[in-house]
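Positions annotated as domain 'Ion transport' by TrEMBL: 73-222. Positions annotated as region 'Disordered' by TrEMBL: 1-20. Sequence annotations record features per position, and here TrEMBL assigns transmembrane segment to 65-85, 142-164, 203-222.
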Amino acid sequence: MAAEAQPLLGRDRGGGQARSGAASSQELCIDQAVVFIEDAINYRSIYHRMDAGSLWLYRWYYSNLYQRVLSFTIFLILALAFVEFPSSFTRTADVRYRSQPWEPPCGLTETIEAFCLLVFLVDFSVKSYLVGQPQLQENLWLLSYFVVLVVSVVDWIISVSLTCEEPLRVRRSLRPFFLMQNSSMMKKTLKCLRWSLPEMASVGLLLTIHLCLFTIIGMLIFSSGCY
């Protein structure tokens with residue numbers, strides 16, 4: 001009897017494992033469907049990892065908490081332009097009572113900027129992991145993101161090593177990129193402009209040629225009546 005019961009117990013254990021595996025697979029399929037629907041609603045790309053761990057990381061990345069932290073970081077790094085040297089930001093715009101602008105001590109804005117760059121490095125690492133290496137090599141926005149981060153970090157190191165006495169800060173001109181790459185609608189707008197500018201340029205060139213041509217014709221027709 002014990003010998004006959006042992007295979008039955010083994011089959012029960014195997015059946016329980018199969019049922020739990022089927023349930024987890026069904027739950028994964030539901031999570032994938034939910035993520036696809038969220039991508040469609042928010043105009044996001046569907047080319048990303050779809051395993052269970054990556055889905056959890058993906059939904060955490062687009063959670064309200066993380067997106068608010070990222071938005072605040074972008075606002076903070078853009079707001080540094082109002083207090084960094086040289087700055088004309090004062091209490092009043094009246095030249096009669098205008099005092100000297102406040103100059104932050106060396107290292108204060110650099111510390112805030114280092115925190116922002118660290119958040120952006122984490123953001124890039126998570127994004128590059130979620131899309132995978134094949135999509136990363138084809139995604140121009142992520143490649144540009146990496147280049148901008150490298151240039152900003154190198155320029156920040158130079159600024160700190162020169163004790164804020166460097167004549168030029170390249171990373172300042174690159175800061176608006178962080179705002180553009182975080183907005184899918186802005187990316188689509190720039191893409192539409194890139195496709196529309198050649199057509200607009202051709203129309204403008206055609207109008208310029210017509211204007212020059214009819215101006216010359218008008219000068220030839222009415223020039224004899226002026227003498």
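Yeah, the Cβs are placed from backbone N, Cα and C, and that goes for glycine too.
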Count the residues of the domain 'Ion transport' (73-222) that DSSP assigns to helix (H, G, I), to strand (E, B) and to coil, and report the three numbers in that order.
113 helix, 0 strand, 37 coil
Using a Cβ-Cβ cut-off of under 8 Å, list the residues of the same chain that are 6+ residues beyond the ends of the transmembrane segment (142-164) and lie near it.
85, 106-107, 110, 113-114, 117, 120-121, 124, 127-128, 131, 136, 170-171, 174, 177-178, 181
